Amino acid sequence: MERETTNSKQSSLSQSANHVSLRPRGPPDRKVPLEEKEVDLDYDEEASIDIQPQERDLKHKQVSRSCYTETKGVLLLLTEDKIFSGWTLLWLAYQSTGVIYGDIGTSPLYVFSSTFASEPSHEDLLGALSLIIWAITLIVTVKYVLIVLSANDEGEGGTFAIYSLLTRYCHISKQDPKKKSSYQIKRWQTHELRTSNRKVRSFLEDSRGMHGLLKALSVFGVSLILADSILTPAQSVLGAVQGLKVVREDIGTDTIVGVSCAILVLLFMLQPLGISKLANCFAPVVVVWLLLNFCFGIYNLATYDASVLKAFSPYFAGRFFVRNKTDGWLSLGGILLAFTGVEALFADLGAFSQRAIQLSWLCLAYPCLLIAYIGQAAYISENEGAFSNPFFESVPPGMFYPSLVMSILAAIVASQALITSAFQLLAQVMNTSYFPQIKMIYTSEKFHGQVYIPFANWLIMIGTVIVTAVYNNTTKLGHAYGFCVVLVTFITTCLVALVALIVWRTQWWIVLPMWLMFATLDGLFLSSAATKFIDGAWFTFALALLLASFFILWRYGKEQQWKCEARHHLRPQDLIVRAADGHSTRLADRFGGGDIYTVKGLGIFFDKAGGGKMPSVYEEFIRKFQAQQDVHVFLHLRALQLPHVPDGERFEVVASRGQPNCYRVVLRHGYNDRPVNADLGAVVYEKLREAIAAGPAVADMRRVGELRAGGGDGDGDGGGDDYDAIDVAGRAPPDCADQGAVVESRGRGGSPSCCYPTTVPDRLAALDSAYATQVVYIVGKEQLRLLEKENGLFKRVVLGIFLWFRDNTRAKVAKMNIPVDKLVEVGFVREI
């Protein structure tokens, strides 16, 4: 049976989605430039309806970007692609130059000296130059700039972003059931794929081994770049300070190491300024450096051996291997230094944009670097011994000291590329629950993808200083340098080939030759770099392996936590039932059957998950105290990736049909907003009042209720509440009953809901009375402990490590900016 086959219940849900219009604020075609992202959610796949391919395609295909839409019954704001144009694009391209190209831009300082151990012949020089030209052209320009940058996930780059993109088009990973309402699935239907592409997708979806392999490759790719972010600053700054020996040869190693460590500490202390401010400072340095290299290259080419231009022919690259055999292969370890930093070009994509990076590379960095290497080769061809220090030897007369100063500054700035990559990638793994939620600061109100992570900054600084002190010279560091880069490029090549087949639907006979070509190139460089594994490359590999192990461990722990939470989830009718008198409520028999008493006041329950489920904190409160407030609100804070949310778009209020005086409130906020404060209760009260006063509170919206109640996050058989939209803007649902009507409805689970008055004055009176009495904020604190009998030794160790980190990285309730005398923390223990 085809994978798109779905059961009848899901089919009816899909059909109703075709003709039921769930109107958000404003007309359906209204464009709203917001991007909605859930943050720090705990979830489990088993707690949700499994949305089948056909249903997913129906709901998500052909949806206009940057507009409101109703997916699985939950109001969403789709992502707006980061599209810049005009002067903004040029400025962003200029900024990207200062952050991205410092690393790859300083390679002309040492490529030829790292490639040759002795004076090269003219033929070998042409061969090495040809390899450099074609490595930069094929690997950086064609593969990364023209192909890989397009394999981004909503503007984010890196191997993990490629994996995330694949999960949108292919069922290879568990998805957050509470995030599914805001996670845009774009899976192609079977008939939209060619046979070969469909077979590849089916193979990936059906093979659990491939699921694990793709996850491991993507996580390991991220870990390699993070490991490189510790090595690169040490290598670049140490190399820059060692350049002072050109002026004074008697400078000692201790002095060089001390100065290097001081510069590194200063560099990391500047990171809180944010990427934009740092880019504005660093961009002039990199631009001047690249233009100097371009001018020096033109001068040397015009003055010395212009015949090196023959190296544009790949014939000389081939002859280099034929002539030198094994030595030629080993020299690739020096050639690959010409494109170290290319991984940052993709990883830093989230801080800039695809078009900005393409513009800055093709119009500035690429031609400058090509001319720089060609000019150096022209000089080396006619000057014996120049290969050992090609840049400074080939500097035109009178330009030595300016070029020395610029080289030191550029080498220091080169560290920024990998530091920025570390922040961007760590933000990705946190958002996908592969790393604990730690403090993350958005540093720009204009470019929303630029982030700074204090914990990572100081940790990388400590690691970099230690590496600098231990290795103390660039020769030792050089053995470890480059291996991570080429391994990441190989992983990227494999993942992008799958994107081309499954996401872009490119024909296999186009993808296969391209993959073979780039995989062969990557393989040659990787095998050459691996010969230095024992000499130093083991360090970055081991560090990456340690990081990847922790990422996988954390994800495994979270999945076990989600399974535990799914087992404890209750439907409203399983917890609360109507008493015999038809007016009061009591606990279900399995929980003692006691009456539920009313407590005077307004209770605001922080609903971490959102969606249609009953919040865990509310379940625990009812079970423990057998009481609830006159009016209770389930408040969900939804973080959006933009600095501020307009007041008119902040709140969504939904009234419960099954429980009187119960409301769900979604508070959307930007990363520079402070939604939780001492006035939160007053704000919620005012918004509830506006919503209730705007129109009828109860509507006969059975079909809408089916989508809205639990359809987004329920368990498939009545797990959610029924809610009626009360729009703060004052628009009632289109098929509302009369204002004074009494409505009797049935939930999706089949249990009758109580009849209760729905007049606006009654609801307003109840709300006013509750607010005047007291406002109480109730938050949940979930404690986890290990099951004693069911877990084996290895599993207990893994989960024990997870629980220790979880307990020590959780946000503390004391840090919430609300009055302590109005705060209630409900603790509960669950076993995993």
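Cβ atoms here come from the backbone N, Cα and C positions, even for glycine.
In TrEMBL this protein carries:
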- 7-19: compositional bias 'Polar residues' (COMPBIAS)
- 26-36: compositional bias 'Basic and acidic residues' (COMPBIAS)
- 92-575: domain 'K+ potassium transporter integral membrane' (DOMAIN)
- 601-832: domain 'K+ potassium transporter C-terminal' (DOMAIN)
- 1-39: region 'Disordered' (REGION)
- 125-146: transmembrane segment (TRANSMEM)
- 212-231: transmembrane segment (TRANSMEM)
- 251-270: transmembrane segment (TRANSMEM)
- 282-302: transmembrane segment (TRANSMEM)
- 329-347: transmembrane segment (TRANSMEM)
- 359-380: transmembrane segment (TRANSMEM)
- 400-430: transmembrane segment (TRANSMEM)
- 451-471: transmembrane segment (TRANSMEM)
- 477-503: transmembrane segment (TRANSMEM)
- 510-530: transmembrane segment (TRANSMEM)
- 536-554: transmembrane segment (TRANSMEM)
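The transmembrane segment (125-146) and the transmembrane segment (251-270) are not in contact, since fewer than 3 Cβ pairs between them lie under 8 Å (pairs 6 or more apart in sequence).
Note on the transmembrane segment (510-530): residues 135, 138-139, 143, 329-333, 335-336, 482-483, 486-487, 489-490, 493-494, 497, 500-501, 537 of its chain, located 6 or more positions outside it, place their CB under 8 angstroms from a CB of the stretch. The stretches the transmembrane segment (329-347) and the transmembrane segment (251-270) do not meet in space: the count of Cβ pairs below 8 angstroms, excluding pairs fewer than 6 apart in sequence, stays at fewer than three.
Sequence-distant contacts of the transmembrane segment (536-554) (same chain, at least 6 residues past either end, Cβ-Cβ under 8 Å): 215-216, 219-220, 222-224, 226-228, 230-231, 429, 433-436, 471, 476-484, 529-530, 798, 801-802, 805. If you count C-beta pairs under 8 angstroms between the transmembrane segment (212-231) and each of 251-270, 282-302, 359-380, 400-430, 451-471, the highest count goes to 400-430. Sequence-distant contacts of the transmembrane segment (451-471) (same chain, at least 6 residues past either end, Cβ-Cβ under 8 Å): 229-231, 233-234, 237-238, 257, 260-261, 264-265, 268, 271-272, 274-275, 351, 419, 422-424, 426-427, 438-443, 477, 536. Sequence-distant contacts of the transmembrane segment (282-302) (same chain, six or more residues past either end, CB-CB distance under 8 Å): 94-95, 97-99, 101-102, 105-106, 108, 308-309, 364-365, 367-369, 371-376, 378-379, 394-396, 399, 402-403, 406-407, 409-410, 413, 416. Long-range contacts of the transmembrane segment (359-380) within its own chain (CB-CB distance under 8 A, at least 6 residues past either end) are made by residues 89-90, 93-94, 96-97, 100-101, 104-105, 107-108, 111-112, 120, 125-126, 128-129, 132-133, 136, 140-141, 145, 287, 290-291, 293-294, 296-301, 303-306, 308-309, 311, 338, 345, 386-387, 390-391, 393-394.
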